[in-house]
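Some features that TrEMBL has for this protein:
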- 1-26: region 'Disordered' (REGION)
- 37-59: transmembrane segment (TRANSMEM)
- 71-89: transmembrane segment (TRANSMEM)
- 119-138: transmembrane segment (TRANSMEM)
- 158-175: transmembrane segment (TRANSMEM)
- 218-251: transmembrane segment (TRANSMEM)
- 263-287: transmembrane segment (TRANSMEM)
- 308-332: transmembrane segment (TRANSMEM)
- 352-368: transmembrane segment (TRANSMEM)
- 389-406: transmembrane segment (TRANSMEM)
- 426-445: transmembrane segment (TRANSMEM)
- 515-535: transmembrane segment (TRANSMEM)
Amino acid sequence: MGKRGGGSSADDVEAPLLAPPAESRERPAPAAWARALLAHGYPAVASGPAACAAVCALVDLGGAHRGARNMLAVLAWVFLWWVTGAVPLAVASMAPLFLFPLFGVAAADAVAKAYMDDVISLVLGSFILALAIEHYQIHRRLALNITSLFCGDPVRPPLLLLGITGTTFFLSMWIHNTACTVMMMPVATGILQRLPRGGGGAGETGCQEEEVRRFSKAVVLGVVYASAIGGMATLTGTGVNIILVGMWSTYYPEHEPITFSSWMSFGLPMALIIFLTLWVTLCLMYCTKNTGKALSAYLDRSHLRRELTLLGPMAFAEKMVLAVFGGLIVLWMTRTLTNDIPGWGALFHNNVGDGTVTIMMATLLFIIPSGKNNGEKLMDWNKCRKLQWDIILLLGAGFAIADGFSSSGLTDILSDGLRFLKDAQTMVIVPVACTVSAVITEFTSDDATTTLVLPLFAELAKSINVHPALLMISGAVGAQLSYLLPTGSPSNVVGFSSGHITIKDLVTTGMPLKIVGIASLTILLPSLGSHIFGIDSRS
């Protein structure tokens, strides 16, 4: 019998000190090699280079478009690494830094610059603000208020989801959807902190943990998507609509301008249709008849109200963090207003961006005292160690890909491929234009996609003689349907960084929303849009 410790004997020796001759060793079986390869994830690692090689070998876009073919090849490589998780997310996101120069898509300096711009500054500053809200438990106070109001007695998960997503939807109508996501995600995670996070349970306990895990996904996805959908309803809800208005007045000054009221008359009904689809999708995919029972042990209304009372009044530090965050929202909303009423950004010759003020306000957190200990500030760098730099790199990869689309000539090929719309009917033009924009937006930010496709559609409308609103509004709406990948928008990045959802969750939940969004636009733009924007099938 073997000994647990202390002495040893000859019987305890399980292997000789010297290895046997090479000819006497057993060679690993092929099955063992296969298991080792699978354990290390090498098939997933190889899928990226294999897809890249397949595109280079099989896709022929003509000798003049070699750069566009190479861009498609690199995109296949990076996309497969993202989806399969073959390498860490940050590593996959850094792949364009070496793939673009090697394949001649872009120079090394140009690719590196894409990894830090104003939008990335916006996300970085927002992450710091979110950490401050989390550190001072402000999200817990707001989460308790929302949960106690909507959870029901007994707990009704669909009603709770409606409360969380409805609140996010309404707020996103009036503030930028990224700001809304940053503000509401700590609220969502504050609710989820009351729920057990883990696995390994067996029997009834394991089933309840699975129900809680699925509901947690629904909450995070609800906040991410509701903020994007609410932003579609008004001009102030997202930068895409502002870009649309600006380009519309630039390319077609002879047409009626798109005003706040005219856009809301069109955008709000469409946003409500997609929001209803979101709520139904979340309830069907992530809630069962047992979800309420699983949540009831953690979301009792009387206990929630008692905890809210125990929190007591807000401390000085909480008030200061909220003041900084509130000031940031005001600065976001008022930087640019309308063509007739310039925002405060005009005082600085419009050289400032949303990222500028986000970093500026985040800096204040390291200056304002906390009121607790002498010399202690609201934030210090030690509290920022949880910053998720892999998400920053992910967003940078999205911008690099967007630049690659343009520099490689891939956008020109897409434009030429759309010329078949010249003799097409409205019911074909709208979904095709929306789908093209909706595909591109998955690999870059909404604003970048809009800036990319709207000039293309504006020129295309002239060449194929259709009303420009059919193409430009379709392109703008499609750019906001970035529901499938984290790179689609900063809101997706914020939700993905919570750790509750995966890319698979985004794809399975976002696809129905994307389809309904394209379908609702196809119906509403030729009908409701014809009265609001004066759209005819031909210009």
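Note: Cβ is positioned from N, Cα and C throughout, glycine not excepted.
TrEMBL annotations: computationally assigned, not manually curated.
The transmembrane segment (389-406) makes contact with the transmembrane segment (426-445), as judged by at least three Cβ pairs under 8 Å among residues 6 or more apart in sequence. Beyond the ends of the transmembrane segment (515-535), by six or more residues, the same chain brings 255-256, 258, 262, 265-266, 269-270, 273-274, 277, 426-427, 430-431, 434-435, 438, 467, 469-470, 473-474, 477-478, 481 to within a C-beta distance below 8 angstroms of the stretch.
By the Cβ criterion (under 8 Å, sequence separation of 6 or more), the transmembrane segment (352-368) is in contact with the transmembrane segment (119-138), since 3+ such pairs are found. Packing against the transmembrane segment (37-59) from elsewhere in the chain are residues 69-70, 72-74, 76-78, 80-81, 84-87, 95: each is 6 or more residues past its ends and has a CB under 8 Å from a CB in it. Below 8 angstroms of C-beta separation, residues 178-179, 182, 185-186, 189, 311, 315, 317-318, 321-322, 324-325, 328, 353-356, 358-359, 361-362, 365, 378-379, 383-384, 386-388, 391-392, 395-396, 399, 445, 447-448, 490, 493-494, 497 of the same chain, each at least six residues beyond the ends of the transmembrane segment (119-138), sit close to that stretch.
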